[in-house]
Each structure stands twice: as C-alpha cells, then as structure tokens.
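Colleague: My structure is below; once you've seen it, I'll send some questions.
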Amino acid sequence: MEASDRYELIPNGYIYNFIGNTSGVKVLAHISDGGYAQVYKVSYDINNEIGCLKRVIVSSKQALNILRAEVDCMRILKDNSAHIVKYIDSNASRFDSNGKYEVLVLMELCENGSLIDYMNTRLNDRFTEQEILNIFDQTCRGIYAMHRLVPPLLHRDIKIENILINKSNSFKLCDFGSVCGIIRPPKNLEELNFVKNDLLSNTTAQYRPPEILQVAVNNQINIKIDEKSDIWALGVYLYKLCYYTTPFEFNNSGNAGILSGKFAFPDFPKYSHNMKTLISWCLQVDSVKRPNICDLLEQICVFENKPCSLENFYKKRLSMEKQNLAKKHQEQKELLKHKQPQQLQAFKQQQQQMNIHDNGGKSVSPTLFPDNGLRSELSTLSLIDLAKTKSLPSVTTSNIESYDNIGGKNLKRATSYAPNKDNEKAKEKVEEEVIDPFSDLVTIAKLEKHQYTSTSNFDRLSVSEPEEKPKVPPKPKRKHTYNTTTTSTTPPKSKTSVKEISDTKKGSEKQSHLIILPYFFLNLG
C-alpha cells in the first residue's frame, strides 16, 4: 500500500455527501497519520453525531481487497461485543486514473485515545492489579466475540497499541487488518512461501507464539495455527500491562526464548502469584496446554470475585456433538434391531448349506455383533481345522467365550492347544481386546479428545501396553542315583527396555497452513 502521508490532508469543514448510506459526513479535525491511513474526527447525519473517519489510499486492487476484508470483519463484529470499536459505514471509489482507490471507513470515535498513551501517563504510578484485571477482562471479551464465530476469526495482532479508550473509559479492540481464519498446512512450496510471508507481515515480532516461529522461521510442518495463537498474544499483552515490557524483551532472549517458553518476572512492580500464574498459563509453548478464551475469562472472573456472564461456547458445542452422536447411535441400534431377525434367518439357511460340524458333531453357533449384524466365529473354525489336521483333542464352541459388552469394551477369549515333544498338552490362553466401534464410551472418548478445553483432560485416555511375561522352560526330571542330586534350570531374567520419547520434533519443515478465510474473504474482487 502507498503511505497516505504522501497525499494532502482533508481540510476541516470538508463534507462528504455520502459514505455508504450515511449522509453529511463533515470533517472536524485531523487526529493522526498512520503508515498508510489518515484519521479524522467527523460529524455525521442530521443529528451531527460524532465519529471517526479512517481514510486510506491504495494503489492496487489486491490492497483494496485486503481493506474490504477488514471492513467486512468489522461489519460482522459490530453488534457482537461492546469491547470492539463499532463500525458505522464505509465506501470505496477510484482516486485517480492511475488505478488508485480511496477507501473511507466511518466508525466509533474513542475520545480518550489509545492504551499505550494512557500507560505513558502512568509511568510513575503503575497500574494496580485490579486495574490490570479490568483492562484484560475487557480485551478478552473482544477476542471472545471473534473466537465464538463459526468458523472462528483470529485477530493475530493483539497488542497494547491496538486498544482504544472511549469517553466512558471502556477499552476497545481495534485494527482488524490482520484477521484471518484457522491456518492449515499448505500442499506445496508455493503455498508454504505464501503462508510464511503472510504470518510475518501480519503479526508483531514480540507477540508471536512458538507455532508461528516454527512455521515462518524454522520451516516446520504439520503445525496448525488456531485460536490458541491469540491466547499466547494475550499472555504477552498481560505481561506488558504489568511490567511495561514484553517477557522475551526483558531478558533479551528473542525468538529462542519464545521457542523455549523461558521467561522471568521483574522484581518491580509486585503482583500476586495468581497474576503470574495467569500469564504463565497463556505462555505455554504447547498450544494444547493453553486455555481457550472461555477458560481465561472464567479464571479472570474468579480472581475478580464475580460471576462470569459469558457462555462457555466450547462446552456447549461439545455437549451438542455428544447429543447428536447419542441420537445417531440410537437410530443405528433401532435399525439393527429390525434387521437382525431377517439376517438370522438368512444365516441359518447359509449354515444348513455349508453343513459345518466339529469333531463332536456340534454345529458352529453364530455370534451377533452390533456393527454388522452377524459374524461367524472364524477363530473357532480355524481351531477345528487345526484339530482335524494334527489329530488333537476336539475343540468345540465351548472353548470360545461370548462377547460381553462391559464398559464399552468387548473381550474375546479363545483357548488353543499345541503339542510338545512329550505329547503333553500345553495350554495357552490368549486375550485379545476388541473395541466395538459403536460403543458410546469409545466414541464419546474420541470426541472429548478433540474438544477445545486445555491441558490435562487427555491424561486419562493414555493406554499402557501389557508386558509380555517370559516363558519358563520346564524343569528336567530328577535322576536318582546313590548320591541324589537335583538339577534345576533357572529361567533367564526378563529385560524391560524403556523407549524414551523426545518432545523435540526432528522434522524438517513444518507444513505451513493455508488460510481458511471466512466467506467474506473469498469474494473480494
């Protein structure tokens, strides 16, 4: 984009007849110049309401589309939160014959300036913990409105400079030029380079989470960038509210500090253990261990000793998914219930044609399964065949225990026989765990594994493999002589090897993520 300060300022008293559907927009005063924008105080409509006008001159259609995306984002969010700068109207038109465009965005005026300016007035009188929690709570409520959307929107540029204060001293989130959807891995090198450039140009270095550095700097793959990247930025933001610097500037650790997650707290000012814990919670290197925005707001309300008025939409979504799953499961059971009699009759006819019998003359019984109706006991048939071939003792269906649905798991137990050199029977009991794919407990567990809540909810889902017991060879028979001696064989001790799993990902380049833009990002053109 071309920098707007290259163009003349709009004189005071100038009137735009229309900006979108808003009439009589009159320029009252010039407020500031940004890198590519001019900001004015204006009045509008017949009631002469006061607002803020942002004027941007862009030199390409691509830059125009980026601004359209920002405007569409503000339009969607304007009624979703009191802690987002309110959008009023906008307009885009050709600026000259060289392909430049003038974009005008009319929005709420925040008369008390920016948070960074307010902090500079408090250099000798730092914020109290209660003041910090109040500012942080309002900022999180603005992010809540973005993450609540389906699909969610990521702000990607949360920082002190992007918070404004209105005349009622409410803190408002602004600057939606970096907003995007969840970023997923690209499919080729061209897409990887696009995502890297996008990440570096739409985020601020001190606020970047480890996953962005892993993609944009270390070229790692298979790392999703989602709402948790905003949570990391909120942790840096909270740290700066407390200490007037960012955690990885304080000890000059830079990107290495971000990737390791190691930082320290200054001795001054003094804040409570709860405040430091809240910061550390957000600055977890593993994004899964960070809270979501609902968790964060609930914890803030606990510290402020007030109820949380916002709905935990993550829990609600999970509950609805469980209900839908249970309903679908019940429908499948009803369908199987009606189909089973017909399947049983068809199976009996097939069984009569096959005329399968074991050595004892007993026919093989069918087994009902919830997933596909009927299934013959193939393991029994293989044992019968083995018994006929090796002339071993007959094996009947009594050797197979039925499938018992206990706690969502079915245990299949079969007994097999194998000869040894002394023609003695060596009995080996084999247990094989079979998980019914239609089990409520299993499907719900899988669903919970992918829920949005943080940290240790997944610990209970870990499965430990049973260790194999070493086989003990039989003791040789004692040989009786005049001087009786006993020879015994001691089984070798089993060696248990522990395989260490390193958290360090030795992969090469992280498949960067394609930006899944909301619908309004796709029609900018």
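Placed from the backbone N, Cα and C atoms, the Cβ positions cover glycine too.
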Colleague: TrEMBL tags one of 190-209, 410-429 as region 'Disordered' - which one?
Modeller: 410-429
Colleague: Mind tallying the region 'Disordered' (329-351) by DSSP state, helix then strand then coil?
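Modeller: Each residue of the region 'Disordered' (329-351) counted once, the result is 23 helix, 0 strand, 0 coil.
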Colleague: As a test of reading the model: what is the averaged pLDDT for the domain 'Protein kinase' (25-302)?
Modeller: 94
